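Asker: I'd like to ask some things about the structure below.
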Amino acid sequence: MPTVDDILEHIGEFNFFQKQTFFLLCLISVAFTPIYVGIVFLGFTPDHRCRSPGVAELSRRCGWSLSEELNYSVPGPGPEGQCLRYAVDWNQSALGCLDPLAGLAANGSPLPLGPCDQGWVYDTPGSSIVTEFNLVCADSWMLDLFQSAVNVGFFIGSMSIGYIADRFGRKPCLLITILINASSGVLMAIAPNYTSMLIFRLIQGLVSKAGWLIGYILITEFVGLNYRRTVGIFYQVAFTVGLLMLAGVAYVLPHWRWLQFTVTLPNFCFLLYYWCVPESPRWLISQNKSAKAMKIIKHIAKKNGKPLPGSLQSLRPDEEVGEKLNPSFLDLVRTPQIRKHTLILMYNWFTSSVLYQGLIMHMGLAGSNIYLDFFYSALVEFPAAFIIILTIDRIGRRYPWAMSNMVAGAACLASVFIPEDLYWLRVTAACLGRMGITVAYEMVCLVNAELYPTFIRNLGVLVCSSMCDIGGILTPFLVYRLTDIWHELPLVVFAAVGLIAGALVLLLPETKGKTLPETIEEVENMQRKKKKKSSKIY
């Protein structure tokens, strides 16, 4: 009985149809970037001070710049994060321009302070949700909530939409997530208040990441064995391209509402995929819909200009899927090998998220240009992709993946002992750690799909990857709270987490040169085949 991989060897593993579909799905990966990291620009917090009555008039009279005006607007945050202002009369004509505070203080006594009830002054030519909704001082936690909302959405969406995609198909679920994502993105751009904006941000989180991962699953199921890892890697490279493009668009459009509109509207074009991207034939076979699967396979053969041999036109489902299989969360832990895969993959997704985001937060990009800082930080991800391409077919998945985690952990541990005056060495170690965890991040996404049978593959990827959302929620607390205890303590935690992740990866089977498993039995036999050192090459 021929498998999908057997048929693709005859009609093209990566010909015109696969290249066209790959390009279209990569655009989804590019468009996902603003949702995942757009908070850097949407929630940018510029230098700000409490507005004091009369300071603006005095600033105009003295010809101050905005930065000079801010110096006389507030002495700093008060207790419990409350912003305070000088409770004095700035309209006195006797005030000088060189040191007006000296003329307000009687006998050198401290100036009285009052609540910041006149608004804030922001040193920025553009706008963000921070400047529009005044998410500063006592309300600064609302910006954290804004970013947490999208991560909560990622988590819930991965758990629910993953099940729906495996139950009802990849294509309808992809189109639904695109429509909801685009609509909620536009509604967020015109939201009149913080509460409605937060709700639409949560809705975006519920569907956007799930749509990105469904696109990843689709492209890996359309191509043949020899190209599966390549398209998986470059699908993630498309996300990095999105990072670079986002920096440029945000620079041109410094106002958050226009930026949100601009990065959201292209998502509506993806609805045209209804006519361009078919359902996955692998999923159809797993659901005992061989006739529909064969129709799509013939369409692929026609697009590729390859004939479909008559001996391959009697496709039948495997014996195990003689009845329609409905995925269940219990399937991810029911059998020994799949249970082991699930637990190790969940931990590695969590580790990748914590180290990837945590290293960025702890290192702190130097300089004051947010656009260049963001651009440079994105460039480091390109070498990681080529490292995977150069090693994955020569060495395999398991050892480069384990080594990248260990390198990231070791780099974090080394940074703890590097003196502050050796700044260049600390930066080098931080970049090495960032490179290692980027490789691990891309590797876990690649291998995750290769360790589950078809009928629960989408569910397995989305459930395991949901742990990176938990990591995204916890990382700010790990970094900033532990830093209050000891500045290098987060690096010690990152080192331990990374080294453990690398050791656990060695317990997984190697998937190099193996077809995607179609049944539970095939997954359970992967480890046994490894132990027997079978010479059979797929």
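Note: Cβ is positioned from N, Cα and C throughout, glycine not excepted.
Curation plays no part in TrEMBL annotations; they are all automatic predictions.
Residues or ranges marked as transmembrane segment in TrEMBL: 21-44, 145-165, 172-192, 198-219, 231-252, 258-277, 344-364, 370-392, 399-418, 424-447, 459-479, 491-508. Taken from TrEMBL, the feature domain 'Major facilitator superfamily (MFS) profile' applies to 103-513.
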Asker: Near the transmembrane segment (172-192), which residues from the same chain, at least 6 beyond its ends, have a CB less than 8 A from one of its CBs?
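Answerer: Distal contacts: 28, 35, 161, 164-165, 200-201, 203-204, 206-208, 210-211, 214-215, 218, 257, 260-261, 263-265, 267-268, 270-271, 273-274, 277.
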Asker: Against the transmembrane segment (491-508), which of these stretches has the most C-beta pairs under 8 Å: 21-44, 231-252, 258-277, 424-447, 459-479?
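Answerer: It is 424-447 that shares the most Cβ pairs under 8 Å with the transmembrane segment (491-508).
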Asker: Is it true that the transmembrane segment (344-364) and the transmembrane segment (424-447) have 3 or more CB pairs under 8 Å, sequence gap of 6 or more?
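Answerer: Counting Cβ pairs under 8 Å, at least 3, so yes.
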Asker: Determine which residues of the chain contact the transmembrane segment (21-44) at the Cβ level, with the cut-off under 8 Å and only residues 6 or more beyond its ends counted.
Answerer: 14, 124, 128-130, 135, 143, 146-147, 150, 178, 181, 185, 204-205, 208-209, 211-212, 215-216, 218-219, 222-223, 231, 234-236, 238-239, 241-243, 245-246, 250, 256, 259-260, 263-264, 266-267, 270, 273, 276-277, 370, 374
Asker: Determine the mean pLDDT over the domain 'Major facilitator superfamily (MFS) profile' (103-513), rounding to the nearest whole number.
Answerer: 83
